[in-house]
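Peer 1: For 20-42, 134-156, 176-195, 271-294, 350-371, 466-486, 506-526, the entry in TrEMBL reads transmembrane segment.
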Amino acid sequence: MSSTRNSVESRNHDEPPRTAASVKLSACMGAAFAFMIAGVVLSTATHKVAGSATVHSIIPVLSSSPESYGPEVMSAVFAAITTITTEIIGSVHSNTLRSILIAERRHEFYTNSRLFAASNEGGWTNPNGRLMNALMALLLVISYASSALVVMRLEISEGPDNSIIKYETGLSAPPIIVFGLSLFLQGAISLFGIYRCGPYWLKNTGMLAMTKKQINYGIIDPRPHRCMLNVVQGQSAAPDPLTTPDPLRRKPLTCQPSAWSANPSIKKAVIAAWCLIPAYTVWGSIVYALSIYASKWVSKSGSIRAVGIGSKKLSEFSWTFLPNVDTQSFGVAFLTTITEESGSLPSAGWPSILLVFVVIQSGLTLALHYCEVIINTTQDEIVWRQAVGDGAPALEKIILGVAWRVVSSSWQSVFRLVTKPFRPTLDTMQGGYGRTQAAGWRGVVTSLRKLERVVLRVVSSNWRSVFLLVAKVFCHWLFGQSFNVFASFAGPNFIGIEVIAHCAQIWYLSAVLVVFATIVALIANYKPHGPQPAAYGHFQTLADLVDEWYHVKVYWGHKSDKDGVCHAGTSGEPLLQPVQMDSMYGGELDPEWSSTAGLSNAVPDAAVGVRRRLTHKIILLLPPDGPDGTDGYLAAALAKRWQGE
């Protein structure tokens, strides 16, 4: 009876985090469904282009010129929407995978690459199994590929000899449908995973709380005499430390190992990032060769033909960052079956275009996703190192400060330029209305300054994640610029759709990837300074290093010295005595220190969540007691179960 009651209580307490995750997924799936409905509605309607041409599935939305940036801006918007939506869905999917892998005792690090790790149980119906993870990877690639196809340019040839070319910007309905469907299916798989993830599902739980839960459930055991062993040293120690503890005492290190040395997945992610560079460089060279030697190819049916633009001499074509009519290019034109005022593409048109985009873009999408393990693992280490300082190296803080001042000054200049026509002047400030307008404007400026300070705190505390998010948007947007989709019209007649690859933009993408790969390699190879052992979110290492558990604030440092052997660990109060760099560490916790039982007796505070602040000698990791699966509640539940037994 007691076990049944505890099971019901545990299930009820799991509901709030499940509900919160379900709300996020429902919002994403609702937006995806709206895209699908919009695509279906737009594809069933006919639209007038170039005055009298009637076309299906292409919706003119903006009149433009070759010099305007309307298509580029719209492409950036769709790239940002795709990135943000897939990140939200991916965060839930990653949490469910972490939960299942912990239940299977196969999860070593707090951070995992969700598409490259899978559960071994449940068969093909497991939402975190190999089949579903492969499907999630395919859907992720399709979502980015289809978003790159949504925005197209309408090229309209007019005049007696079609020598006058005008441009408009349009949206293509089939990619919108595929885009919405891919996002919807990703959300559905993640939603299914929420209700299959088992008893370790937690909301907003940090590394220490997750480590404590595994200790309570007997998944991992703290190993003695390892208070100064980092993740690399700990993994190379004796296999059964509880029965044969490592007798070797160690001195503190002045420099800790890098993430590259600690986590094998980091090495694979860095290598994957560097492999993108030669791949896209070679692809750009292939496009260059095809533009010269394969520009006259035509299919047997005549409905598909090659389009080549350029010259053998690299100096003779345009090298502008954005493509234009003089850019060295190669593409394929899908012609209409009937060249009249109303026409339709051949049946193989859109599927063939989407397939090409998926194949070529898959490497970029999956490699950028894989680099999440680098960013998140190093961010986990920074959070852990806040226990003895502010976590960020001094040089890093200086660089961030300079970069922010540059960005802030540029933002202020742009803001003043854009808002100049709307700002009140001395003439307009006369009278009651003018004073009211000036007061309102001062309120706007004050609000923007507050927003700027909030953004500064977010970026400074988690700039790696911001960098990766911006890199994903920019790289996928630049990939979209290297492949343009044109709808061609000759007077009132719809000719077909051209998919053009620009070799210069592909090479620019390779150059951007060089910068990206260099930065992630530097992040992965950075060695933290100081005696605090590096953990990089490794659960067993954290269990070895944390000897006392406290809510909200955790301090790490020197704690005791007995018989010439020192002990370092955690405390709920600042540890004033510094770590003795010339002493040997590996002793046990002094009995005079308070026990860890205080963790379950802490007063719950629902208003305090998981926060990561850059405050000196403070790490804020553990959530409060409450129904969202925190350590205090877990300890109480275990106590009830033991009493019932």
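Just so you know, glycine gets a Cβ as well, placed from its N, Cα and C.
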Peer 1: Should anything in the same chain at least six residues away from the transmembrane segment (134-156) have a Cβ under 8 Å from its Cβ atoms, list it; otherwise answer none.
Peer 2: 49-50, 58, 60, 64, 71, 74-75, 78-79, 81-82, 85-86, 93, 114-115, 165-172, 175-176, 178-179, 182-183, 185-186, 189, 353-354, 357-358, 361-362, 365-366, 369, 476, 479-480, 483-489, 497-498
Peer 1: Given a Cβ distance threshold of under 8 angstroms, which distant residues of the chain, six or more beyond its ends, lie next to the transmembrane segment (271-294)?
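Peer 2: Contacts with the transmembrane segment (271-294): 306, 308-312, 328-330, 360, 363-364, 366-367, 370-371, 501-504, 506-507, 509-510, 513-514, 516-517, 520-521.
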Peer 1: Sort out the residues at least 6 away from either end of the transmembrane segment (350-371), same chain, that have Cβ-Cβ distances under 8 Å to it, and list them.
Peer 2: 90, 113, 115-116, 137, 140-142, 144-146, 148-149, 174-175, 178, 268-269, 272-273, 275-276, 279-280, 283, 334, 468, 471-472, 475-476, 479, 483, 485, 497, 499, 520
Peer 1: The transmembrane segment (506-526): which same-chain residues, six or more beyond its ends, come within Cβ distance under 8 Å?
Peer 2: 258-260, 266-267, 269-270, 273-274, 276-277, 280-281, 283-284, 287, 321, 371, 374-375, 378, 393, 464, 467, 471, 474-475, 478-479, 482
